[in-house]
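Below is a structure I'd like to ask you about.
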Amino acid sequence: MNATRVARHAGMELRMLLRNGEQLLLAFAIPLGLVIGGLLWGRQFGLDGNTFPASVIAVAVWSTAFTSLGVATGFERRYGVLERLVATPLTRADLIAGKALAACALVAIQAVLLLAVALGLGWRPDLSPVAALSATTATLLGIVAFAGLGLLLAGTLKAEVTLGLANLIYLAGLALGGLIVDQPPWLPTAALGSALRAAALGAAAPLPLVVLAAWAAVLTLTARRFFRWTS
């Protein structure tokens, strides 16, 4: 894996993501709507205002690193974009790392925007240095894990199948995956949600970090092994 190639590819991927209206809707409009609605009216429906913005950041990571990245890559593969990359020095590892790095950059923009809006609406997380480090680590591991899953689908299935299956898994993750409320701790979505909610309360969450690290390693290696440039 070459750092220069990865950085250049990440820049290209980020520009492509920011030019896609559907991806911008998933990346910014929906999470912002959730934060604003949750903080203004969420308590009427039993939402915990102390941790809800952290849950929305987890949702943003899930939508960007898994759904947006997976669907976009699936159609790049279908239309021969990835096939043309075969003729370049870019390797599978470079491709996966570049896409994950682009997702990291987009999530960083999302997080800054969501935090600014939440703080402006009166949210005051009890962040300690250890909790902040835990949240950052969990977010990075979550991006790698979700990107690995998205690229595994995109690199092995037809684009239309990837589109349908990715959206189905995305909705299942929202409803049952522990992004908003705690669910089975072995799920990567649940681990990320738990880690970020704990950080908002000033605590670190070692077990979710272990779960996320395991998923990140397995999904990245699996995607690298089975990813195909052409459909």
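Cβ atoms are placed via backbone N, Cα and C, with glycine included.
Straight out of TrEMBL:
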type	residues	note
DOMAIN	18-186	domain 'ABC-2 type transporter transmembrane'
TRANSMEM	24-42	transmembrane segment
TRANSMEM	54-75	transmembrane segment
TRANSMEM	96-119	transmembrane segment
TRANSMEM	131-154	transmembrane segment
TRANSMEM	161-181	transmembrane segment
TRANSMEM	201-223	transmembrane segment
Can you name the far-off residues of the same chain, 6+ from the ends of the transmembrane segment (24-42), with a Cβ under 8 Å from a Cβ of it?
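Result: 17-18, 49, 52-53, 56-57, 59-60, 63-64, 67-68, 106, 110, 113-114, 117-118, 121-123.
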Return the stretch with the most CB pairs under 8 A relative to the transmembrane segment (54-75), choosing among 96-119, 131-154, 201-223.
131-154
